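Following: one structure in structure tokens, then a few remarks.
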Amino acid sequence: LPGSVITQNDPASLEYYLMETDSLFALKADFNHPLLENNWTGLHCLFSDQPQWYGIRCFNGRVTEIILEDIGLTGKVKVHALDNLTELSSISFRNNVISGNLMHFTYNSKLKHIDLSDNMFDGIITSSLLGLNVLESLQLQDNNLTGPIPAFNQPSLTRFNVSNNNLSGEIPQTRALRSFDVSSYLANPGLCGSPLLTKCGGRVLISDNAPPARKKKKFGGASLVAIFVVLDVIGLAIVVFLFYAYCRRAKRQKKEKQAHELELETENTKKDEKLESAPATTEDGKKLTFLNEVEHFELRDLYKASAEGLGKGNFGNVYKATLDNGLAVVVKRLKNLKPLSDDEFNKQVRVLADLKHPNLLPPLAYYYSNDEKLMVYKFVQNGNLFNRIFGGRGKERIPFKWNSRVLVAHGVARALEFLHLNTKSQTSIPHGNLKSSNILLDANGMAIVSDYGLASLVAVPISTQRMISYKCPEYQMSKKISKKSDVWCYGTFLLELLTGKISTYSAPQGINGVDLGTWVHKAVREEWTAEIFDMEIARQRNAFDGMFQLLQVALKCCDKSPEKRPDMNEVVRQVEEIRVGDSDDDSDLSVSFDEQSKSFDGRSF
């Protein structure tokens, strides 16, 4: 697993990693939630402690936290779902609609924080929780749990809540459980014992230390006051209990209704989502504006379409929408745009749509109003290059071989050259945000470059923060960018393609990448050049010269001085001189990396 602390040289850690992967995929299948379906792919722990999956946190390549709160999870979790996640220290499924028995925690000895509150878990509280010696917080309130409370007595336990369940029996009088007040136990009709007011045996507990009453003693004023106070307390407790019971019933009915609705949605749409927050009516009767000769459809068709969330881009959420007629398109909901008039926006978008090239993805249509701004594109079925390089490195992965990578490098170079030759504006950069996640792959593996020219639409402060061109060396020094900034982005993309490592400049949020230019030069200086190339291509000896040629192109494009970088037409010439091989077979599996590294002798960067 290139770039990760999990390596083939560490069989034990690799075995743990694969076991954790299996467990996470099992959870994903149990929940069948669109967010996890789209996001839980590829490597879940990258670069030691940096997570790639939503809700997952890692340390030293192992999963330490799973936080999936308030996202409408449904289904039943298998009781042994967490057995392989032995480094887990925190788990929270708070405020979802998960049902079934609680998971077992026998192998999760490092767990400190558990929050499964506000779900529909049933069955007993598992006794495996008693073995968690470092447990600090256990939140199980607002479920359907039954049976007794186990005798928790961990000295570390400082937060505990099992209220609003169907628990029964006497509250264990351990030192740990005695430290929690009545709010931790309320609204469990069958529970009794301190600190509740109900004694086990059905009597109301007024005070554990009350002296016996004297039969013939007359009640004085103070005694009457004391009695009324006690009765008031009891009455208040009953009112509070009834209120909790009412709230609990209402909440449970709401959750059951929500679960039923989600179940129906799963059956009817396979968990597809509608475009969230769609306006009921279009502003001033506005319609979609089409930019190319494609099959037209109405805005209401788009909002009625089943939609699959593809992720959150730099400038808004991205969806795949499948219309009733089967047409699949990608919808980008744009945010943080410049304050453009309708005519100005139309003019800018038509410039982008008129840039037609086999390796570009032009917009098909748009909708522009005060409340909603949408861009519609053709759906490209094989996903993006980032996921192709870095995702799915398990047993089922189809290797991304050298010939396929060279063809991608060719296609992206041609697309960028075309943009540079056909962009007339002197004030905007032709692409501005070239990175592997904005390079798509069609059914034949051909590269399709997307998201070009958005700098003309997006507010300048947002562009400078989020677009990769603004991370180039010259912008850091002089606050200036140019076409050569695009060339630098192309070089950065090539280094990802060659090394199988994520660049620090294009790394998704939450992932720390590598300064690949510096890393490659260091590799050469310290004579570990054999480790530069991605393992999937490093074994293809017949392609070694081509790899070296493409690496030289990448480093020239990444030169810190924009004047020393080649123009894109020169880049295209150099890249197209690199021929694809007749075969993509691993022809050198018997050749060691040390032997390969000798091929670098006499070559300079």
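Cβ atoms here come from the backbone N, Cα and C positions, even for glycine.
Per TrEMBL, the features are as follows:
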- K332: ATP binding site (BINDING)
- 260-276: compositional bias 'Basic and acidic residues' (COMPBIAS)
- 595-605: compositional bias 'Basic and acidic residues' (COMPBIAS)
- 304-578: domain 'Protein kinase' (DOMAIN)
- 260-281: region 'Disordered' (REGION)
- 577-605: region 'Disordered' (REGION)
- 224-247: transmembrane segment (TRANSMEM)
According to DSSP, which of helix, strand or coil covers K332 (ATP binding site)?
strand
Within 10 A of the CB of K332 (ATP binding site), the number of other CB atoms across every chain shown is 22
Across the domain 'Protein kinase' (304-578) the predicted model averages a pLDDT of 87
